Each structure stands twice: as C-alpha cells, then as structure tokens.
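The annotation compositional bias 'Basic and acidic residues' is assigned in TrEMBL to 20-31. Annotated region 'Disordered' per TrEMBL: 1-58, in sequence order. The annotation transmembrane segment is assigned in TrEMBL to 77-109, 130-149, 176-194, 201-223, 229-255, 267-289, 343-365.
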Amino acid sequence: MTELRRRGGGGGDPDSTENISDKEADGDDKLTFPGEGEGEMEGDSKADTPDVPPSTDNTPQCLNKALEGLSSRWKNWWIRGILSLTMIIGFFLIIYLGPIMLILVVMGVQIKCFHEIITIGYRVYHSYDLPWFRTLSWYFLICVNYFFYGETVADYFGALVQREEPLQFLVRYHRFISFALYLAGFCMFVLSLVKKHYRLQFYMFAWTHVTLLIVVTQSHLVIQNLFEGMIWFIVPISIVICNDIMAYLFGFFFGRTPLIKLSPKKTWEGFIGGFFATVVLSFFFAYLLSQYQYFVCPVEYNSETNRFAVECEPSNLFMIQEYTLPAVVQNAVRWKTVNLYPFQIHSIALSSFASLIGPFGGFFASGFKRAFKIKDFADTIPGHGGIMDRFDCQYLMATFVHVYIASFIRGPNPSKVLQQLLVLQPEQQLSIFNTLRNHLRENGMLPPAVEEAQ
C-alpha cells in the first residue's frame with residue numbers, strides 16, 4: 001500500500017500542497033477524459049476521445065473464399081445470415097439440454113459481456129497504469145454473482161439447503177457475507193487511490209459498477225424468469241432475435257428513411273416492418289409452446305431425484321379459453337369467438353415492447369460505442385461483433401419480463417412459502433398450523449368430520 005502512495009508523489013505534503021496537487025490532477029484528467037473539452041460538439045468525432053484498437057476481421061477463411069465475388073454489402077448479409085442461423089440452432093440445442101445448461105449459458109454470456117465492457121475501459125485508459133483496476137473489477141463481479149446466485153439458491157433450492165448443514169449457515173448469513181465481501185473490495189479501492197489520478201480512478205470505479213448494474217443484475221433477472229417456466233425465458237429471447245432479424249431484412253430490402261442518428265443504418269421501414277412481423281410470429285410461437293408441459297411448468301428442484309423437475313398441472317394461462325371478438329372484428333372476419341391460450345395475448349404485449357422499446361437498448365449501446373469511436377464491443381462473432389452487441393436489447397427485455405410477471409402474472413408461490421415454513425422453529429410452525437386451521441374453519445373449508453379427526 002505504501003508503495004502505491006509513493007507513486008502518487010510522496011506522503012508528507014501539507015494540506016495546502018495536497019489540495020493544489022489534487023486540482024492539478026483534476027485538470028490533467030479533464031484534458032484527456034472524453035467529452036469534457038471544448039471539442040465536444042454535435043459531432044463526436046471532434047471530441048478528444050482516447051483511441052481504442054480497431055477490431056480485427058475474424059471471419060472464417062472458408063466463408064471469405066466462398067463469398068469473395070460479392071460486394072461488401074451482400075457479403076456482410078450472407079455472413080450475418082449464416083452466423084445467425086448457426087446461433088439459432090445452437091440456442092435450440094441448449095434448450096433441449098435443459099434448465100441447468102441454460103443457467104450455465106446465461107452465466108457464461110454475462111461474464112463475456114462484462115469482460116467486453118471492462119476491456120474497453122482498460123484499453124482506453126491503459127496508459128495511466130491504474131493500480132488494481134482489472135483485479136477489483138473482477139472481484140466485484142464475483143461478489144455480485146455470489147449475492148445473486150446465493151439468493152437463487154435460498155429461493156429455489158430450499159429442500160437441498162435443509163439437508164446440507166454448511167448451506168444452512170451460508171443461506172442464513174448470506175447477505176451479511178455478501179456485504180462483507182463487498183466492503184473488502186471497497187476498502188481495497190480506497191487504499192489503491194493514487195495522486196494525480198483520483199478523478200480517473202473514481203470514473204473507473206463508476207464504470208465497473210454501472211457495468212455490474214447493466215450486465216449482472218439483469219442477467220440474474222433472466223434466470224429468475226427461467227424459474228417461472230421456460231416459456232418465459234424462451235419466448236422473450238426469441239422475440240428479440242426475431243425482431244432483430246425482421247428489422248434487418250425489412251431495412252436491407254426496403255429501407256430508405258433513416259430512423260435515428262445514433263444508428264445510421266436503422267430505418268423507419270425496418271422498424272415498422274420488424275414490429276408487425278414480430279407481433280405475428282410471436283403470437284404463433286406462443287401458441288406452439290403453450291401446448292407443452294415442458295415449457296409452461298415452473299422449473300423446480302426435486303430433492304428426491306436431485307434434479308430439476310418441469311412437471312405440473314398447467315395454469316389457466318396455458319389452457320385454451322374462448323374469447324368473444326369485438327363487433328367491428330366480427331363483421332370483418334365473420335367470426336364471433338376465437339379459442340386462444342391467454343399467454344398468446346400476453347405475447348402481444350411482450351412482442352410490442354421488444355419491437356418498440358427494446359431497440360432503444362441497441363441505440364444506447366450505439367451511443368456508447370460512438371463515444372469511444374469503436375464499431376463493436378468485440379470481434380467474437382463474425383459479422384455481428386461481440387456478445388454484448390447481440391445482447392444489448394436482451395437485458396432490457398429481461399427486466400421488462402420480470403416486472404411484467406411480478407405485476408400481471410405471478411401470485412403467491414406455495415412452494416416458496418412451504419420452504420420458508422420448514423426453516424422455522426417447531427413451536428412457530430405449530431402456531432402457524434393452528435392459525436391456518438382456524439382460518440379454514442371460519443371459511444367453512446374444513447368439514448366438521450375433518451375437524452373431529454384433527
């Protein structure tokens with residue numbers, strides 16, 4: 001620690017000298033931090049933004065050879081198409097492998113997205129040689145994941161926790177342990193502060209925490225949605241993918257009118273065409289998945305088999321219902337009623353959000369990339385960029401789905417209530433039992449014969 005202090009210029013200066021030094025340091029940081037000089041105008045290209053090394057083209061040689069006769073526009077179209085199809089096939093293969101594999105994939109995607117954003121910060125400000133920036137960033141990632149995944153274990157693995165004594169201790173003091181781990185990282189950051197770089201180090205501290213908020217918190221919501229039923233995981237992700245593809249196709253073939261300056265290639269034709277295509281396709285996709293118990297049942301841990309179970313009696317949300325059409329529609333289509341799954345109606349709300357609001361996640365990412373003069377977050381996927389380039393809208397969608405379920409779908413969860421009851425003391429359990437029995441008697445739900453037997 002002492003050595004780090006020395007790097008800042010010594011430790012015996014009077015307060016007045018230190019204040020002057022701090023002001024000079026602030027001035028130095030201002031000169032080189034993007035968007036704080038006179039050059040920040042409407043055109044970001046004039047801003048004094050540190051350069052990030054350009055991404056390399058890692059398109060497979062076989063694809064480059066096969067498409068070498070095409071123009072760059074059509075070559076990019078084919079590369080994007082082939083890689084998109086490959087990723088979609090891989091996505092359905094992962095779904096087939098079950099919930100555990102999906103959770104692992106979500107975690108892998110989260111780590112990769114975090115790495116891409118943190119790497120941009122590290123490359124841009126690498127010349128400052130900030131101490132412990134990357135180490136602390138990854139440490140905070142571990143802390144936040146420990147907190148969120150610990151909450152998941154406590155909520156959905158109650159039976160397993162009851163069997164394992166070490167887990168009982170970790171679950172009982174989970175939040176205190178998480179906070180203690182975070183405090184350790186916080187203190188390490190404070191001790192790493194170096195003169196002349198105070199302001200920049202706080203920028204990087206904020207950079208890390210905003211990245212954690214955008215990536216880790218929302219990826220946790222993806223997993224929460226998955227436990228509500230795989231349909232709440234598959235349909236929203238598929239809707240965003242569908243909208244991305246449809247908007248690209250409509251924009252590629254019919255696009256003429258620019259949509260937003262942040263993303264010059266986006267057009268109104270692609271935006272509107274993508275909206276209608278996504279709503280229609282998601283409606284039929286929701287109908288298809290609603291028929292299968294594997295997709296509609298909540299994902300629960302079975303303590304007897306030590307596996308996840310997706311067996312249940314489907315809720316009313318996934319039972320065919322008859323709906324009366326409005327008079328205007330009846331006159332147009334000659335039908336009075338239609339038979340639908342209620343989830344299909346919810347799919348219209350989900351697809352509308354994905355098509356109208358979801359793209360703003362992409363626009364936000366475009367603005368971020370323009371601020372640092374980069375085309376993509378990384379070059380992981382040829383024709384697409386980095387993993388974050390593909391998931392910029394997914395995280396926003398995951399948050400909406402989580403809020404939507406909590407607001408309009410989810411009721412009290414009996415399995416969670418039971419898990420909480422099992423960890424109570426015997427006298428507390430008996431008190432709750434007597435209260436519940438009296439409540440059932442008052443409402444006439446417990447017959448006299450059953451009362452006597454009790």
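Quick reminder: no glycine exception, Cβ is built from N, Cα and C everywhere.
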Compare 201-223, 229-255, 343-365 by their Cβ pairs under 8 Å to the transmembrane segment (130-149) and return the stretch that comes out on top. 201-223
Look over the recorded stretches 77-109, 267-289, 343-365 and say which has the most C-beta pairs under 8 A to the transmembrane segment (201-223). 77-109
Other than its close neighbours in sequence, what residues sit by the transmembrane segment (267-289), given a CB gap under 8 Å and a spacing of at least six beyond its ends? 231, 234-235, 238-239, 242-244, 246-252, 254-259, 295-296, 340-341, 343-344, 346-348, 350-352, 354-356, 359
